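Inspection log for the structure reproduced underneath, given as structure tokens.
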Amino acid sequence: ISSRRFARVWIPDPEEVWKSAELLKDYKPGDKVLLLHLEEGKDLEYHLDPKTKELPHLRNPDILVGENDLTALSYLHEPAVLHNLRVRFIDSKLIYTYCGIVLVAINPYEQLPIYGEDIINAYSGQNMGDMDPHIFAVAEEAYKQMARDERNQSIIVSGESGAGKTVSAKYAMRYFATVSGSASEANVEEKVLASNPIMESIGNAKTTRNDNSSRFGKYIEIGFDKRYRIIGANMRTYLLEKSRVVFQAEEERNYHIFYQLCASAKLPEFKMLRLGNADNFNYTKQGGSPVIEGVDDAKEMAHTRQACTLLGISESHQMGIFRILAGILHLGNVGFTSRDADSCTISPKHEPLCIFCDLMGVDYEEMCHWLCHRKLATATETYIKPISKLQATNARDALAKHIYAKLFNWIVDNVNQALHSAVKQHSFIGVLDIYGFETFEINSFEQFCINYANEKLQQQFNMHVFKLEQEEYMKEQIPWTLIDFYDNQPCINLIESKLGILDLLDEECKMPKGTDDTWAQKLYNTHLNKCALFEKPRLSNKAFIIQHFADKVEYQCEGFLEKNKDTVFEEQIKVLKSSKFKMLPELFQDDEKAISPTSATSSGRTLLTRTPAKPTKGRPGQMAKEHKKTVGHQFRNSLHLLMETLNATTPHYVRCIKPNDFKFPFTFDEKRAVQQLRACGVLETIRISAAGFPSRWTYQEFFSRYRVLMKQKDVLSDRKQTCKNVLEKLILDKDKYQFGKTKIFFRAGQVAYLEKLRADKLRAACIRIQKTIRGWLLRKKYLRMRKAAITVQRYVRGYQARCYAKFLRRTKAATIIQKYWRMYVVRRRYKIRRAATIVLQSYLRGFLARNRYRKILCEHKAVIIQKRVRGWLARTHYKRSMHAIIYLQCCFRRMMAKRELKKLKIEARSVERYKKLHIGMENKIMQLQRKVDEQNKDYKCLVEKLTNLEGIYNSETEKLRSDLERLQLSEEEAKVATGRVLSLQEEIAKLRKDLEQTRSEKKCIEEHADRYKQETEQLVSNLKEENTLLKQEKEALNHRIVQQAKEMTETMEKKLVEETKQLELDLNDERLRYQNLLNEFSRLEERYDDLKEEMTLMVHVPKPGHKRTDSTHSSNESEYIFSSEIAEMEDIPSRTEEPSEKKVPLDMSLFLKLQKRVTELEQEKQVMQDELDRKEEQVLRSKAKEEERPQIRGAELEYESLKRQELESENKKLKNELNELRKALSEKSAPEVTAPGAPAYRVLMEQLTSVSEELDVRKEEVLILRSQLVSQKEAIQPKNTMTDSTILLEDVQKMKDKGEIAQAYIGLKETNRLLESQLQSQKRSHENEAEALRGEIQSLKEENNRQQQLLAQNLQLPPEARIEASLQHEITRLTNENLDLMEQLEKQDKTVRKLKKQLKVFAKKIGELEVGQMENISPGQIIDEPIRPVNIPRKEKDFQGMLEYKKEDEQKLVKNLILELKPRGVAVNLIPGLPAYILFMCVRHADYLNDDQKVRSLLTSTINSIKKVLKKRGDDFETVSFWLSNTCRFLHCLKQYSGEEGFMKHNTSRQNEHCLTNFDLAEYRQVLSDLAIQIYQQLVRVLENILQPMIVSGMLEHETIQGVSGVKPTGLRKRTSSIADEGTYTLDSILRQLNSFHSVMCQHGMDPELIKQVVKQMFYIIGAITLNNLLLRKDMCSWSKGMQIRYNVSQLEEWLRDKNLMNSGAKETLEPLIQAAQLLQVKKKTDDDAEAICSMCNALTTAQIVKVLNLYTPVNEFEERVSVSFIRTIQMRLRDRKDSPQLLMDAKHIFPVTFPFNPSSLALETIQIPASLGLGFISRV
């Protein structure tokens, strides 16, 4: 293949690592250059290596690209692996890929929705190869192998920092916690998960590569019991990076816990730590990056504390941990001052050190001293030596690291103690989260240890892979040769063997003057040129190079000895041990004894940490005595122990890959990926697989895939032999394949060769098909075109002929039109001229006539004007003379008035003058003052007179003024009249001129009028046209309005439909919520029953004070309250003796008990009422016989006195019990519940008071009863008196003598009196009722009048006020009605209580008296005396459809009819629902007898028995279906015969007679409805358990249409075969099961609507499980599989049509699956295709659509993959769609069930009870 042209190859590239190219020329042996064409369009000459002459790697066929398992690739090499991972990661967004037994996980740097609980459930129980690669699949495989092989398992997670190791391990642990649960109620799985945030906070930090990098390795063993449930866990840690505590590189952080503490520093409990911002501390600010984007350290602190609390770390210990951590931070801020080159000091009262000493509880001076000094011990004496500033700083940092390491170990030990279980561990699964191979620019001791650990793990990995390959070959019995694989044992020996690197390092650490340089020289002398894996750098004498399995690494020797010693000063540790803070010395307890990592700790586990067990001291003389273990030695021991553990388990490998160094989501850096693939052993796995037979096919799969390469004669019945014959013809080199027992093994590249042959064969077949079809299509096209041309010609010729005929017709018509038009024009012209002449004549004649008329008229008008003017002149002269006379008179009168006025003014001024003349005479004024005073009175009179005179003067002045104005007006009018005459003369002249002008203007106006008339006519015509247009617009608008109204109507209807749908959805949601709660209640009830049974088995001695056991005869309320309270309802004394901490539950149970007691008393009311009526009738009848039995009166009285004494003692006893209850209530109750005034206290005291009143009344009622009993004449035996008619007939035969007849007559008289008294009482009651009705009528009349008045008033008010008034009135009316109803209710309550008290007394005492009297009556007396004095003949009753049974036979009835009934026999032989009919007929009889207790007992027993049957045989479909059907039928019977009108519409008259008469069983109907819901949910679970194993195999894997989808090559993890083998489920299996379910439900008589709901639920389960598996299986997302799914769905739809269930809604539940299948088949290229997909897939969520497109995989090379751009287009179009982000459908979802009323037409009286039921003890009534 590789030598041919167009073959595709991989060539090395410095940028992309590998680049794809295509051969342009066939390769011939000996060619040194290959002509290649690169994908980017360039041509290249590729020179082969002259030494090796190796050809480039070949590319796999496109059909194999993107495989789930890398071992499924035909060509296994590095470029193929890299390309496959890149395609899956970038194009398909798949981060997991199998590589044989390894799961490769690439960090997406993005949150993906693939870790939810629905995904966990989907992977649970699945084979590892059946689902897409996932960490959950690895976890499930480990869990399954642990259970199947009884062998411990390990999951080894490795990778670089930032590759996602910790997250992968966390998800694996979450999977175990979810699928296994815990063996106890201690929630161990939650504790195991809670250890993660604790360990992350103290062991993880931000690095440049990872924001949450684990800086330690850990191995967590999750323990399981024999039932494989989590019981505990244990954690081991490795190589904590202590140096990070004191130093962080740029852009890195210290451990998270320090920043969490600083972020929470403001909390009250952290005030004592005196923390602040992280930038204030030297140990947290060095990296310059104190904040991680998207992480809230304060919230993380809360999570850490919460996890600590969950793991049992107390608050005091938590605060101790935080104190130590805060002390470390403050210790880092301690500064030193140099005194000289060899000594330093700390300033006095240095604040950071003071805070450190306060937090640690140590002495300041002592700590200050030993931070600046050290102790040197020799053989003879001890020296205290000061140290330099640098040494002091290093000692301080060493102390901080040591404290942190000890605290880390202490926390790990406490976590292990919290996760430790007392139950014996049966097996475990270990999860190893350990660092991967590391190489940096500067590699030190940490990288050396990490790479050493990876060498050990790689060796174990290689051995395991080789072992699996060997086992596979041996299992298939094929010859195999030893596969050469890389063994890294020499590298391990170089590190850990004697005189190895670690051994030399430990030896150098023991030397007093050992340094890094001397150690390096020893390494060179020992290993250089002796070990091929050890090298020396050319330019350095302080470094060495080791050839690891992944790469060469250069290690710098500087710091190796110091880190290996891990030195800390002993004196500083002693100061800490002397701390007053108790927790701190605990951290250093193990320093006093040397503990190796292999010695056992208190928890039974091994302490595996990097930190030493004991601090080293600089005392060379004591090294031998201390036996101090170095870090390297400890790490080697812990690593050996880890390898022993892993070798004892079955390992599972997860290799985490970091795709880029910049944390970009879904960005793939090929260089970094290849580097990690080489380092983690994936390529080594590929190499081992490629060395053997990497491709493996079963014979059936090979035959199915390559059937096209076979001829018909080659196909034999033996598939194995067929495959052998074909392969021998196709592949001539027999070394390229091997035949195993069940598989065919191929060398690398052979599958690609077979795929090419298959593709060539299919291509040739396609070409032949295309050739034939294209010829057929072109021939068909030619015939269609010829036929079309003939048709076109025919139509064209016809058209031309029609056009010519039309031309002739138009020519003739034009001639006729011209003739008539010319005649019309000439005639019209003549008429116009004639009309014009007539008009001219008429106008001329009119003008002459008007002129003559105008002249006559002017002469007439002139005469009239002259007459008027002359008369006016005469009148004007007369008026002028009159005016002049009047004016003269006025002037004379004015002159006289002025003279008079002048005299008056002179008189008025005389006083003033006098004053002026005498103003200087003061004495005279004083003399005249008296005279002035005397004249004041005269003055006042004068003032009054003056006032009057002024008034008169004013009136006269006004009169004169008005006369003057009138004269002036007359004068002006005369002047105006004179001017007017002159003006009139002028106007006459003007008028004459105007007349002439008017005549000329008239002519102009007439001309203008003519023009205006024409314009008006034109305007009218225009307006008419506009009017027409407006009418048309109006009609258009009307039409538009009608359309809009129609559209609005349709819109409103749509909105109404949508709102209706929304309401239906809300109703379904509410119903679903209720049914889920009911399901949860039933689960808790079952849990309670199980616990109760366990307690019964564990505790055989009954509790003191417990008076009764659980009974099935509980009250109706027992179905609603928690069952845990049932057994405690009557246990008052034991309740009051409980400890005080249970006060509230005791009080509530006591309260509930009293409530139940009161409820039971109310329920007994009806029974007592009936019994009292019957007893009173018997007492009345017995009065007639009282005189006949004087001899037993004494016995009766003695019996009555005895019973009275018993009743009195019983009363006292009850009173004492009530007093004790009241006392217990007041003493033992919690004050907040039972304090006076509390609601619970008031209710309880009311109940107690009512019960006390009952007991107080008992004595009075006993006395009344005694007086009544004394007056009785005989005892009555009521047994069978109401039902046994034979005894009455015997009585009639015995009454033969006269005495008996007389007695009968006396009895009749007494009966008549009784009836008369009853009639009188009825009459009085009727009169009272009539009076009440009259009063009510009167009140209604008044109310009506008042309403009319209000209505009249309201009508006068405005609308707003009217509405408000009507509302106010309605509120008032309703309030009054409510008050009246409340009063009536109170009265009725009082009456009920009173009757209840009387009922209890009468009923109980009469019953006991009758029993006692019967004991004193001899049998002879009973025979001689008649039972009843009155002979009332009775008619034989017809059968009423009731069944009678005795009370003691109730358990037998329930046992035979429910508990031991076999559904199959009943369903086949008897009518459907027979048990339900029988039970209802028994209930009817109890109702007929008015026996409340019997009804309640039977219904409760029935319900509890059905629950027992379902609990016992709940996994049997027939049993659950049978009792669901019967429960629903029983419920329908209770409704049908309840007497409610809504349920009686379909009843016959006979059925209406069978209705219940005495009891309303509505509450029991609700209980039965809840029971039916529980049974339905159980039925769905049974259906799901039966169908689930069939669905994936039948709907997805099995090829219903054979040959459509070929089998693709698979890798190491084989999938379930799609070929129908024996025992494989097919679609026919599913259909047969559906038929079985349907027939069983129909046989049981289940309601058709309920069957539809069950079928809908079944189809939903099928659709959901199928779609979920499709979304998680890449191999199922292909075009051919879409066709298979659509065919399978069509078969299901056909089944629905056959069963007439198409309207059940089942088809709609398959819509998501149908759309997913269509999505697999439609085109997926253009934008139109994207639009079609978006509109088509409305039942799928966006996540599901994108997932299917990402998973779409071509099965044949003719199909094309979906491009990334197309998927992005789909996402952009769907970004506005609001749907659930959840990927998988909820397969556990149960639709809310309803039970529509379905009345039965079966008559109860026709039902016969078969003898096979064993119900002979019941009789028909």
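Any Cβ shown, glycine's included, is placed from N, Cα and C.
Fair warning: this is a prediction, and the values are worked out from it, not measured in the lab.
Among the residue ranges 639-661, 685-707, 892-914, 1720-1742, the one that TrEMBL annotates as region 'Actin-binding' is 639-661. Apart from the site residues Gly159, Glu160, Ser161, Gly162, Ala163, Gly164, Lys165, Thr166, the chain places the Cβ of Asn107, Asn210, Ser213, Ser214, Gly436, Cys656, Lys658 no farther than 8 Å from the centroid of the site's Cβ atoms, the recorded ATP location. Taking a C-beta cut-off of under 8 angstroms and a sequence separation of 6 or more, Gly164 (ATP binding site) has the following same-chain neighbours: Ala105, Asn107, Cys656, Lys658.
Its Cβ taken as reference, Gly162 (ATP binding site) is surrounded by 21 other Cβ atoms within 10 Å in the chains shown.
Computed over the coiled coil (911-1094), the whole-number mean pLDDT of the model equals 81.
Gly159 (ATP binding site) counts 27 other C-beta atoms within 10 Å of its own C-beta, drawing on all protein chains shown. For Ser161 (ATP binding site), other Cβ atoms within 10 Å of its Cβ number 19. Across the range of the domain 'Myosin N-terminal SH3-like' (4-56), the DSSP-based residue counts are 0 helix, 24 strand, 29 coil. Of all the Cβ atoms in the protein chains shown, 26 others lie within 10 Å of the Cβ of Ala163 (ATP binding site).
If you count neighbouring Cβ atoms within 10 Å for each of the binding-site residues Glu160, Lys165, Thr166, the highest count belongs to Lys165.
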